[in-house]
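J.: Take this structure, written in structure tokens, and hold onto it; I'll ask about it next.
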């Protein structure tokens, strides 16, 4: 597969010869504004040079983006502890699956569409529109009078979140010098990880002390501050593509491809949500969904080849070995993180018998470790000027940590689960954010928004897929272990009774066997994360050693 463009790329208009120290930098006349102390950056496609925000503005920009990313990451997990109260108020136990999946479907379905929007229009205003959409959805959810309105609000929030996830990375790539981007990406990655892990804890606090609606009301003032910061701090930047007519802009959105991509994603996620849980895998509804997914995917791929440069995912991006390596690594790592972020708290609450709040405290090694190692990972990438070795180290550490976490037992002490979490956080911190740099050095700058969206889309989709697989493994294995190891106990009653009530549903004599069954089922779920963590190393090993250099030529970013 072609991985590079020809080395004889034409120089951008008005460029100066490269200096001896770095092939990618542009020499500047002494009497230019840059020589006088005003920082400049080379925008996408070699367009006119524009000002880079000052250090203070960049810091404020990082804070605003962190706040936006914190809100959408929190929204993905904060429902976990609030759902029982919501279903009690609405009397809607049958709608529980839609509370999370409606948000997830919208994020996955619109992720690539936002990549096009960021390419065609101003990055600033597209991102602000995404934040506004997310805020509108949060307001609908917080004031919802019924379960149906709640689901609509979650869907609207997901549409906005789709533009925020990738948009934050695109903004960093647009306004921050390349060598400094790993540090800012590390900050965003740590915020994302903290919010994902802290979501259930905050959801429990809001639900117990006020009302579940504050899980969403909290988004409104924080979102307003974010919009205020970005409106006045972020400079407007012309889109990376030249001005197009309205008809040409519509063509760029690849409406035929989108018509098949969205139902393809929805069919797959529905099949994974329902298969083995609500319906058996041999049920006609699941089979139809999987067949429809396969059919829509094949048609979508054919349309991408036919649409060429106007495709949702242009072939030149799909056939770039560095992007494919980044996609593989990000998809595997994202899947492993999601499995542990959902099932490690279950292990604490079910096997160790702690409360939701105590479970959150026991997750602190992951939270604090992720913050520290994400910043370290960004700093190392910035200092070294390359990041692929960090991805290899990340894959190795995550594989080791995943394997160690799969050895936990009912009586494992704090030293084990504490240390294993720190090791996992180190692995995730070194690679989780640095993989996004692939989109900034492996493709021409005008393709950067699309490549970033592809990386974000595959991470989100793979996380959803493997979380559904893990859920099926957990339920299937728990029923198996309970049936075989605890005679006289109804496996269905244990499962439907909830994680925190298992000690009330069995006798003291049966409890040790039930806890062992729970432990074995969760460990089997961890094996899913072990497998994808081990496979993640294929991605960085297949990539070139990409250098962090400001250069319009992609070849100069590849170290032989």
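Glycine is no exception: its Cβ is also placed from the backbone N, Cα and C atoms.
Nobody curates TrEMBL annotations by hand; they come from automatic prediction.
Model, not experiment: these values are computed from the prediction.
When I checked TrEMBL for this same protein, it listed these features:
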REGION    30-49  region 'Disordered'
TRANSMEM  58-84  transmembrane segment
DOMAIN    61-548  domain 'Major facilitator superfamily (MFS) profile'
TRANSMEM  96-114  transmembrane segment
TRANSMEM  126-152  transmembrane segment
TRANSMEM  158-178  transmembrane segment
TRANSMEM  214-235  transmembrane segment
TRANSMEM  255-274  transmembrane segment
TRANSMEM  286-306  transmembrane segment
TRANSMEM  326-348  transmembrane segment
TRANSMEM  386-405  transmembrane segment
TRANSMEM  417-436  transmembrane segment
TRANSMEM  448-470  transmembrane segment
TRANSMEM  525-543  transmembrane segment
J.: Mind checking which residues reach the transmembrane segment (96-114)? Cβ under 8 Å, same chain, six or more beyond either end.
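T.: Sequence-distant neighbours of the transmembrane segment (96-114): 75-76, 79, 83, 86-87, 126, 130, 150-151, 154-159, 161-163, 165-167, 253, 258, 261-262, 265-266, 269-270, 273-274, 278, 312-313, 450, 453-454, 456-457, 460-461, 464.
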J.: Can you give the mean pLDDT for the domain 'Major facilitator superfamily (MFS) profile' (61-548), rounded to a whole number?
T.: 84
J.: Check for me, if you would, whether the transmembrane segment (255-274) reaches the transmembrane segment (448-470) - at least 3 Cβ pairs under 8 Å, residues 6 or more apart in sequence.
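T.: Contact between the transmembrane segment (255-274) and the transmembrane segment (448-470): present.
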J.: Grab the same-chain neighbours of the transmembrane segment (214-235) for me: Cβ-Cβ under 8 Å, and only residues 6 or more beyond its ends, written as numbers and ranges.
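T.: Result: 50-51, 53, 57, 60-61, 63-65, 67-68, 70-71, 75, 78-79, 82, 124, 127-128, 131-132, 134-135, 138-139, 141-142, 153, 171, 175, 202-203, 206-207.
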J.: What stretch of 126-152, 158-178, 286-306, 386-405 shows the most Cβ pairs under 8 Å to the transmembrane segment (58-84)?
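T.: Selected stretch: 158-178, with the most Cβ pairs under 8 Å.
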